């Protein structure tokens, strides 16, 4: 189980048109992965860095 409920949310790029590099926790693979966020919308499973994603969602 991930550390927080936000980590089980599916990747959601949002509904705008920017291309912003971001990271999310992939529940199936149990790891953080990169994706492109649109700049608005989406959900809480979105992080600026892979380190922030790992700190939030992966148990040590």
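Don't overthink the numbers, they just go from 1 along the chain as shown.
Any Cβ shown, glycine's included, is placed from N, Cα and C.
Keep in mind it's a predicted model, so treat the numbers as computed, not measured.
Quick look at what Swiss-Prot annotates:
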type     : residues : note
DOMAIN   : 7-57     : domain 'BPTI/Kunitz inhibitor'
DISULFID : 7-57     : disulfide bond
SITE     : 9        : site 'Important for binding to potassium channels'
DISULFID : 16-40    : disulfide bond
SITE     : 19       : site 'Not important for inhibition of potassium channels'
DISULFID : 32-53    : disulfide bond
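What Swiss-Prot annotates, mapped onto the structure for a quick look.
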residue	record	Cβ contacts under 8 Å, 6 or more apart
7	disulfide bond	25, 27, 45, 56, 57
9	site 'Important for binding to potassium channels'	43, 44, 45
16	disulfide bond	38, 39, 40, 41
19	site 'Not important for inhibition of potassium channels'	36, 38
32	disulfide bond	23, 24, 25, 26, 47, 50, 53, 54, 57, 58
Practice prompt. List the helix, strand and coil residue totals of the domain 'BPTI/Kunitz inhibitor' (7-57) as derived from DSSP.
Written response: 10 helix, 15 strand, 26 coil
Worksheet item: Between 40, 53, 57, which of the disulfide-bonded residues has the fewest other CB atoms within 10 angstroms in the structure shown?
Response: 40
Worksheet item: How does the model score the domain 'BPTI/Kunitz inhibitor' (7-57) in terms of mean pLDDT?
Response: 97
